[in-house]
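Reading through the C-alpha cells given below for one structure.
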2 protein chains.
Amino acid sequence: MNGAAARMPEASAITVPVPLGDRAYDIHVGRGLLGEAGRRIAALGARAAAIVTDENVGPLYAAALAASLEQNGLRTATIALPPGEATKSYASLERVCDAVLAAKIERGDLVVALGGGVVGDLAGFAAAVVRRGVRFVQIPTTLLSQVDSSVGGKTGINSRHGKNLVGAFHQPSLVLADTGLLDSLPLREMRAGYAEVVKYGLIDDPAFFDWCEKNWRGVFAGGPERDEAVAQSCRSKAAVVVRDEREDGDRALLNLGHTFGHALERITRYDSARLVHGEGVAIGLAQAFRFSAALGLCDEADARRVEAHLAAVGLPTRLSQVPGGYGTVDDILEAMAQDKKVKGGALTFILVRGIGQSFIARDVPVDRVRAFLQDEITPSRP
Amino acid sequence: MNGAAARMPEASAITVPVPLGDRAYDIHVGRGLLGEAGRRIAALGARAAAIVTDENVGPLYAAALAASLEQNGLRTATIALPPGEATKSYASLERVCDAVLAAKIERGDLVVALGGGVVGDLAGFAAAVVRRGVRFVQIPTTLLSQVDSSVGGKTGINSRHGKNLVGAFHQPSLVLADTGLLDSLPLREMRAGYAEVVKYGLIDDPAFFDWCEKNWRGVFAGGPERDEAVAQSCRSKAAVVVRDEREDGDRALLNLGHTFGHALERITRYDSARLVHGEGVAIGLAQAFRFSAALGLCDEADARRVEAHLAAVGLPTRLSQVPGGYGTVDDILEAMAQDKKVKGGALTFILVRGIGQSFIARDVPVDRVRAFLQDEITPSRP
C-alpha cells in the first residue's frame with residue numbers, strides 16, 4: 001500500500017477557503033488526496049506528525065499516510081483507538097494526549113486526524129490542549145465528517161452529563177477530504193452523511209437543493225458530483241461558521257432538523273443499530289418542514305418535496321420508520337427538553353418559510369409542538 | 001463566617017487592567033476583597049458559579065464566598081479537591097468538569113477558582129473546556145498565585161511526560177487578590193512567593209527592585225506595601241503578557257531564574273519538603289546574576305546586591321542550601337536539558353546586563369554553563 005501513494009498522479013482538488021482571520025485554512029476536496037497527503041501537509045512546515053485514527057480505518061490507510069508523510073520529511077507516530085462513540089471519553093483524551101507527547105510533538109508540529117467524526121473530535125481536542133495547542137490536520141474518511149464535523153473547529157468528548165460537553169474551539173490548519181475513500185463506505189453511512197448535504201440546501205440554498213434532486217445518484221456513485229456535493233457543503237458550512245465562529249447566533253441554523261433528530265437519537269439511546277445521527281437528521285428535516293407547514297409558515301408542497309427527496313435516496317422521514325419504536329409524544333417532548341432549554345413553556349426551533357428559507361424561531365409554544373407530534377403519530381397519516 | 005462577609009465595609013482596592021482586547025480583564029488587589037467578592041463577581045452578569053477550591057482553603061473561605069455570591073443573586077456549588085501538585089491530573093480534570101456540569105453551569109456562567117496555583121491552573125483549564133469555554137474568576141490565596149499564576153491565562157494539568165503539558169490559554173474575566181488572606185500563609189510560602197515579586201524588578205524595573213529592598217518588611221508584615229508589591233507584580237506580568245499572549249517571544253523573560261530553578265526542582269523530585277518552586281527561583285535568580293557576571297555581561301556588584309536582598313528575606317541563594325544535596329554538575333545539566341532544548345551544544349537562557357536589564361540569550365554554550373556550575377560548587381566559594 002505504501003508504494004501506491006507515491007506512484008499516484010497528482011489529484012485534482014477543489015479548494016474551499018475558510019477565511020477565519022489568523023485561523024484561516026483551506027479544505028481540499030477530491031479523489032485520491034490521501035495519496036499526496038504528505039506533500040500537502042509538509043507545506044505547513046512541521047517536522048513531525050502524530051496520526052490519530054481508529055482500529056477500522058487505521059489498517060486501511062494509516063500506513064500509506066505515514067509513508068507519504070515520511071517521504072516528505074516528517075517524522076510520524078500512529079495512535080489507533082477503538083472505533084465508536086464510546087471512544088470520545090476522558091480516558092481516550094488522556095491516552096491520545098500522552099501518546100502525542102510521547103511522540104515528541106512540539107508547538108510547531110501536527111496532530112493528523114484520520115477517520116470519521118469521533119476521531120476528528122477527539123484528535124482535534126487533544127491537539128487543542130497538548131502544550132496548550134498544537135496544529136492539526138483533518139483527513140475525514142466518512143461523508144458525514146467530510147461535510148460536517150471537519151468544518152467549524154468544534155472538538156470535544158462526551159461527559160456522563162451529555163455529548164460533546166467538554167471540548168474546545170480549535171480550527172484545523174488543513175482539511176483533506178478524499179472523496180475516493182467513500183467508495184468503501186457502507187451504503188447506510190453514505191445515506192446518513194447525505195442527509196447533512198441536503199440540509200445545506202434546505203437552510204439557505206434552494207438552487208443546491210435542486211441540484212441535489214438532479215445529481216444525487218452521481219454523489220452516491222462517486223462521480224464528479226460527489227466532489228461538488230462535498231465542496232458545496234463545506235462552502236455552506238464555512239460561510240455560517242465565518243459569520244459566527246463561537247456559536248452565539250446564526251450558527252444555530254446548522255441545527256435545522258436536529259431538534260427532532262437529537263430527540264430520536266436520545267430515545268433510541270444512541271444505539272446505531274437502530275438509528276444513526278444522519279437518519280435522525282433526515283426524519284428531523286422532514287419534520288421541521290411538516291411542522292413549519294402545520295404552523296402555516298411554509299407551503300405543504302415544499303414539505304412533500306423534501307420528504308420525497310430524502311425517501312428517494314433511502315432515508316427515513318417518518319417516526320414510524322424508527323426501528324423499535326419512538327415512545328410517546330411525551331417521551332419525544334422530554335427528550336427535546338434535554339437538548340433545548342424550555343423557557344416559560346416555549347422552545348427555540350429552526351423553522352422554514354420554504355426550501356432554502358430557514359430561520360431561528362424563538363418562543364415556539366410547547367403546545368404547538370405537542371399538537372404537531374400528536375398529528376404525526378395518528379394512523380391516518382401515511 | 002458567613003455573616004462577617006456581609007458586615008465588612010467596602011474594601012479599597014488597586015485595580016490593574018490587563019488590556020487583552022476582547023479578553024481584557026481587571027485584577028483587583030486589596031485587603032478584604034473576599035468579603036465583597038459577591039458584589040464584584042455579580043457585576044459580570046452570570047446566574048451561577050461553581051467554586052473550585054482545595055481541602056485546605058475550602059474550610060477557611062468557601063462558605064463565606066458562597067454566601068457572598070448567593071446574597072448577590074448567584075446560585076453556587078462548591079467542589080473541593082485534595083491539596084497539592086498531584087491534583088493537577090487528568091482524573092481531577094474529569095472530576096471538576098463533571099462537577100461543573102452537574103452544577104448546571106451554562107455558557108454565561110462562571111467557574112471561580114479559590115486557592116493557590118494548583119487550584120487556579122486546574123479550575124481555569126476546566127473552565128476553558130466545559131461547554132467549550134465558560135468564564136472564570138480567580139481568587140488566588142497565596143502570594144505566589146497572586147503575583148504569578150493568576151496573571152497570564154495559562155491553565156493546565158500535568159502529564160506523565162512533564163508538568164503543565166496539557167492545558168489551554170484561557171484568560172479570567174476577573175481576578176480578586178485579597179492580600180489579607182496572606183496573613184495566615186506560612187512564612188516559608190510567603191518568602192517563596194516573594195522571590196517572584198523580586199523577579200519583576202530584576203527583569204526590567206530597577207526602581208521596583210530598589211523599592212523591594214526598602215519595603216520588603218512591610219510586604220511581609222501586611223501593610224499597604226503588600227498591596228503595592230502585588231499590584232506592581234501584576235502590572236509587570238500583565239505588560240509582558242499583553243506583548244506576547246501566546247508565549248512566542250518576550251514572555252520568555254518571565255523565566256528569569258527559572259532555568260536553574262526548574263533544574264533544582266527536578267533534582268529534588270518536586271519534593272516540597274526539600275524545595276518549593278519559589279526557593280528554586282531564588283537560587284536561580286542569584287545564579288542567573290552570578291552566571292551573567294561570570295560571562296562578563298553584568299557587574300559583580302549587581303549579583304552581590306541581588307543575593308544580599310534574597311538572603312535578607314530568608315531565601316536560599318546557593319546550591320549548598322538545597323536540603324539533601326543537588327547532585328553533580330552533570331545532574332544539573334541533565335535536568336536543565338529536560339527543560340530547555342539543547343541545540344548543537346547550546347542553551348537558551350535569560351541573562352542580565354544588570355538589575356532590571358534582562359534579555360533572552362540564545363546559543364549559550366553548554367561548556368560555559370558547566371564551567372560556571374563547577375565554580376559554584378567548589379568549596380572555596382562561600
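Any Cβ shown, glycine's included, is placed from N, Cα and C.
The NAD(+) site recorded in TrEMBL comprises A:Gly117, A:Val118, A:Val119, A:Gly120, A:Asp121, A:Thr141, A:Thr142, A:Lys154 together with one of A:Lys104, A:Lys163, namely A:Lys163. The Zn(2+) site recorded in TrEMBL comprises A:His258, A:His277 together with one of A:Glu196, A:Glu334, A:Glu376, namely A:Glu196. Cα spacing between A:Lys163 (NAD(+) binding site) and A:His277 (Zn(2+) binding site): 13 Å, rounded to the nearest whole number. Take the CB of A:His258 (Zn(2+) binding site) and look out to 10 A: across all protein chains shown you find 22 other CB atoms.
Neighbour counts were taken as the number of other C-beta atoms within 10 angstroms of each residue's C-beta; across the binding-site residues A:Lys163, A:His277, the minimum falls on A:Lys163. In the predicted model, the domain '3-dehydroquinate synthase C-terminal' (A:193-342) has a mean pLDDT of 93. In the three-state DSSP assignment, the secondary structure recorded for A:His258 (Zn(2+) binding site) is helix. Non-local contacts of A:Val119 (NAD(+) binding site) by the CB criterion (under 8 A, 6+ apart in sequence, same chain) comprise A:Val52, A:Thr53, A:Asp54, A:Val57, A:Leu81, A:Thr87, A:Ala113.
Under DSSP, A:Thr142 (NAD(+) binding site) is assigned to coil, being neither helix nor strand in the three-state scheme. Close to the recorded Zn(2+) site, the chain also has A:Leu144, A:Asp148, A:Ala195, A:Lys199, A:Gly257, A:Gly261, A:Gly278, A:Gly280, A:Val281, A:Gly284: residues not among A:Glu196, A:His258, A:His277 whose Cβ is within 8 Å of the site's Cβ mean position. A distance of 15 Å separates the Cα atom of A:His277 (Zn(2+) binding site) from that of A:Asp121 (NAD(+) binding site).
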